[in-house]
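The structure appears below as structure tokens.
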């Protein structure tokens with residue numbers, strides 16, 4: 001095991017030594033302007049970084065530098081989405097924290113008033129290979145995807161990328177992600193921590209990480225999810241009790257009786273967006289043909305009410321139109337190998353791949369290690385997500401047995417309660433009121449306030 005780790009570090013070192021540090025390579029990745037983009041004052045870069053030469057594995061990135069007057073003083077923030085198999089460009093960049101939003105036609109971009117690039121230089125990475133524009137020349141690689149290889153190749157990417165962008169070496173660096181990135185983020189942070197301990201003067205100045213609605217611990221995630229369904233009146237008492245009777249949440253695999261109980265309970269939900277249980281789900285025009293006039297009218301009324309608050313449940317569809325446009329791909333230096341499939345928000349080759357090689361049951365041992373290492377760690381949870389709900393996260397965090405520094409209190413976003421928070425020794429937990437699975441998408445102002453407090457290392461405001 002030690003020899004394997006040493007060989008990996010030597011490979012990373014070789015990658016660093018052979019990567020070009022020339023301005024030319026960086027300039028080749030510069031985006032002059034994206035199709036339909038409003039005029040902006042910040043720089044953008046995108047392109048590929050090879051993470052495995054022999055197999056032809058390359059990861060695609062998009063850097064949007066800070067819009068502040070002094071981007072060179074702002075930290076670098078890497079954003080990762082989960083799945084596994086979902087694109088950080090589709091979700092993180094285009095729906096959540098990036099500087100642009102995509103119009104309904106997929107033709108134009110408009111500014112996100114709550115973009116996180118006011119506070120940091122944002123690096124979006126499509127990982128692992130097979131996600132978005134990231135690719136491999138070896139088809140069998142899809143059968144070898146897993147947590148360990150993803151973490152290793154994300155580290156290789158970062159070191160090689162920093163040789164292309166040397167101005168970000170030693171810059172304060174943070175990793176943020178959501179959902180299954182609850183695995184990716186702490187696992188990458190652990191790899192960086194190990195790498196930094198192995199070398200003098202390491203180039204990645206990791207300060208901390210933050211995860212939202214994260215997968216943390218399989219047993220507690222399962223129990224917390226069922227509890228949320230029942231406590232939020234999504235399932236009946238009978239369904240809840242049937243699940244408790246037939247399901248062993250500590251088992252590696254559920255029994256047939258448990259699967260059946262969960263299947264029956266899911267029918268209690270109705271046709272809702274499970275990632276945001278109180279907002280309307282996306283209903284594309286072609287799906288409205290079987291609706292009555294009254295149903296169509298009510299759908300339009302409900303959607304209009306939420307759109308006035310800048311919420312649109314169909315934004316994922318607009319991204320798939322925009323990023324498949326040839327002129328957009330040319331502007332982003334993407335798909336230069338003519339990948340034989342369309343760009344999608346979530347990749348079938350990864351998302352539907354039952355051959356995902358390894359997925360740790362619990363991230364809690366990594367949390368304990370990195371808390372002891374002194375990293376800044378925040379965990380936040382949108383309280384209307386039923387897929388990885390706040391109850392699951394609270395159960396998981398409870399297993400860490402951390403000492404409470406600042407007891408539970410409401411924090412404010414403007415003149416409204418933004419959520420609640422509790423501060424522990426080595427970790428801060430935050431709920432975001434009225435937010436679903438993608439917190440910055442549903443509550444952009446609150447999410448930006450959350451980011452500012454995280455980067456500053458300050459507790460969230462108790463008053464407005």
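Here the Cβ of each residue, glycine as well, is placed from N, Cα and C on the backbone.
Listed in Swiss-Prot for this protein:
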type	residues	note
ACT_SITE	179	active site
ACT_SITE	385	active site
ACT_SITE	437	active site
DISULFID	86-346	disulfide bond
DISULFID	247-258	disulfide bond
DISULFID	282-314	disulfide bond
CARBOHYD	52	N-linked glycosylation site
CARBOHYD	113	N-linked glycosylation site
CARBOHYD	137	N-linked glycosylation site
CARBOHYD	290	N-linked glycosylation site
CARBOHYD	335	N-linked glycosylation site
SIGNAL	1-22	signal peptide
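Shown here: features listed in Swiss-Prot, placed on the structure.
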| residue | record | DSSP class |
| --- | --- | --- |
| 52 | N-linked glycosylation site | strand |
| 86 | disulfide bond | strand |
| 137 | N-linked glycosylation site | coil |
| 179 | active site | coil |
| 247 | disulfide bond | coil |
| 258 | disulfide bond | helix |
| 282 | disulfide bond | coil |
| 314 | disulfide bond | coil |
| 346 | disulfide bond | strand |
| 437 | active site | coil |
Of the recorded positions listed as 86, 179, 335, 346, the one whose CA lies nearest the CA of residue 385 (active site): 179
Which of 258, 282, the listed disulfide-bonded residues, has fewest other Cβ atoms within 10 Å: 282
Nearest of the recorded positions (137, 179, 346) to residue 437 (active site) - Cα to Cα: 179
Pairwise Cα distance for residue 314 (disulfide bond)/residue 258 (disulfide bond) [Å, integer]: 33
Cα-nearest neighbour of residue 346 (disulfide bond) within the listed recorded positions, 137, 179, 247, 282, 335: 179
Using Cα positions only, nearest of the recorded positions to residue 247 (disulfide bond) (52, 113, 137, 282): 282
Residue 137 (N-linked glycosylation site) to residue 335 (N-linked glycosylation site) - Cα separation in whole Å: 13
Spatial neighbour of residue 258 (disulfide bond) that is closest, considering only the recorded positions 52, 86, 179, 282, 335 and their CA atoms: 179
Cα proximity to residue 86 (disulfide bond), best match among recorded positions 52, 113, 179, 282, 335: 179
Where residue 113 (N-linked glycosylation site) sits in the secondary structure, as DSSP reduces it to three classes: coil
Within 10 angstroms of residue 282 (disulfide bond), Cα basis - recorded positions out of 52, 113, 179, 335: none
